[in-house]
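Swiss-Prot has this to say about the protein:
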DISULFID  4-37  disulfide bond
DISULFID  6-30  disulfide bond
DISULFID  20-38  disulfide bond
């Protein structure tokens with residue numbers, strides 16, 4: 001996915017998702033335009 005920033009971390013942008021997908025170990029997220037930014041801290 002596309003890199004994105006969330007609370008000072010670099011995360012992955014997921015298009016057209018309301019929440020981060022399970023199984024990737026994400027524990028931080030930020031709402032983004034038409035999607036969400038998910039971060040593994």
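Backbone N, Cα and C atoms are what each Cβ position is placed from, and that goes for glycine too.
Put simply, residue 30 (disulfide bond) is 10 Å from residue 20 (disulfide bond) when counted between their Cα atoms. In this structure the C-alpha atoms belonging to residue 4 (disulfide bond) and residue 30 (disulfide bond) are separated by 9 Å. You'll find the Cα of residue 30 (disulfide bond) roughly 5 Å from the Cα of residue 37 (disulfide bond). Of the listed disulfide-bonded residues, namely 30, 37, 38, the sparsest CB environment within 10 A is found at 30. Long-range Cβ contacts of residue 6 (disulfide bond) within its own chain (separation 6+, distance under 8 Å): 28, 29, 30, 37, 38, 39.
Mapped onto three states, the DSSP output places residue 20 (disulfide bond) in coil.
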